[in-house]
Amino acid sequence: MVFSSMTFLCVFFPVVFALYYILPGLRARNVLLILASLLFYAYGEPVYVLLMIFSIVMNYFFGRMMNTRNAGLRKAALLIAVVINIGLLVVFKYTDMILRTINQLAGTQIPMTEIALPIGISFFTFQALSYVIDVYRDEVQSQKSVFNVMLYVSFFPQLIAGPIVKYHDIQKQIETRKTDVQEIAEGFRRFTIGLAKKVLISNTVAIAADGVFNSQIGEINIVAAWIGAISYMLQIYYDFSGYSDMAIGMGHMFGFHFQENFNYPYISASIKEFWRRWHISLSTWFKEYLYIPLGGNRKGKLRTCVNKMVVFSATGLWHGASWTFVLWGVWHGVFSLIEEFLRHYCE
């Protein structure tokens with residue numbers, strides 16, 4: 001079920017929204033949002049909803065294990081949780097990429113698994129990781145209620161396309177929040193803007209992009225190539241930012257405040273500025289949970305360069321299970337380093 005479908009717009013969301021404000025008390029409303037989120041996910045992934053529930057319960061369990069002063073047990077719980085989370089992501093998203101690479105390098109013919117990619121697995125896995133890491137760092141208390149963790153991980157507005165919500169940013173909103181007419185109106189306005197981006201702009205320019213990319217190489221001249229490239233660039237931005245706007249808008253309608261995810265990235269004057277404006281929730285996630293733990297820029301210039309390349313490569317791999325995406329991330333990393341070098345050199 002996608003936000004722009006008639007099923008979602010005319011049936012699912014109006015019913016959930018109405019029931020939410022009919023029910024008394026935050027606990028009942030949270031239960032409704034959990035059930036609605038599971039139904040939303042099961043509508044498109046009836047089998048993999050069990051995978052998401054397993055992920056939620058598993059991370060809740062390890063979060064509770066960290067509720068101890070035993071440093072060794074806390075570290076073990078975190079390590080196991082991270083390995084299982086990353087392992088699930090690798091199995092369901094990257095297995096065929098790994099097998100194709102082995103076949104190409106070794107000349108083997110290992111058959112592909114053809115495992116269907118669970119919708120939103122990259123998003124809900126990163127949110128689950130945020131929870132266990134935040135608990136380990138003592139930035140938040142481990143949740144006593146598995147249902148609060150379930151709402152955080154599975155909440156349908158940001159489940160399939162973000163923004164990626166860090167647990168310490170939203171913990172208090174799960175347990176206590178208020179809405180008023182003004183906030184609901186702002187949420188509706190933001191949702192409408194996102195829907196317009198997706199339906200009126202992204203879907204329209206996608207026609208031109210698909211027309212070019214589906215053509216044979218010999219049929220494409222330089223003008224058509226530029227039209228295809230620019231159309232695809234606009235399609236990706238308005239699709240992704242449109243979904244983010246709709247998620248942020250729906251969050252407002254239910255009393256949640258999500259991080260902004262896009263801030264006019266195509267006006268950026270540098271690679272560094274671009275990543276401060278593009279998929280902001282992912283950039284800040286990698287900065288907080290990967291770049292800084294690796295040492296950030298505190299371990300010398302060479303280590304800083306290595307850390308940045310690791311993060312950019314991981315960012316590319318997160319976007320898609322192919323070496324093309326990895327190279328895209330590496331390209332951004334290399335030019336980011338060149339940009340940083342030139343800035344210091346010119347100074």
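Cβ atoms here come from the backbone N, Cα and C positions, even for glycine.
Transmembrane segment is the annotation TrEMBL gives to one range among 194-216, 309-331, and that range is 309-331. Same-chain residues lying 6 or more positions outside the transmembrane segment (76-94) and placing a CB less than 8 Å from one of its CB atoms are 51, 55, 58-59, 62-63, 65-66, 115, 117-118, 121-122, 125, 128-129, 132-133, 136, 317, 321. Taking Cβ pairs closer than 8 Å, the transmembrane segment (309-331) reaches residues 93-94, 96-97, 101, 117, 122, 282-283, 286-287, 290-291, 294, 337 in its own chain, all 6 or more past its ends.
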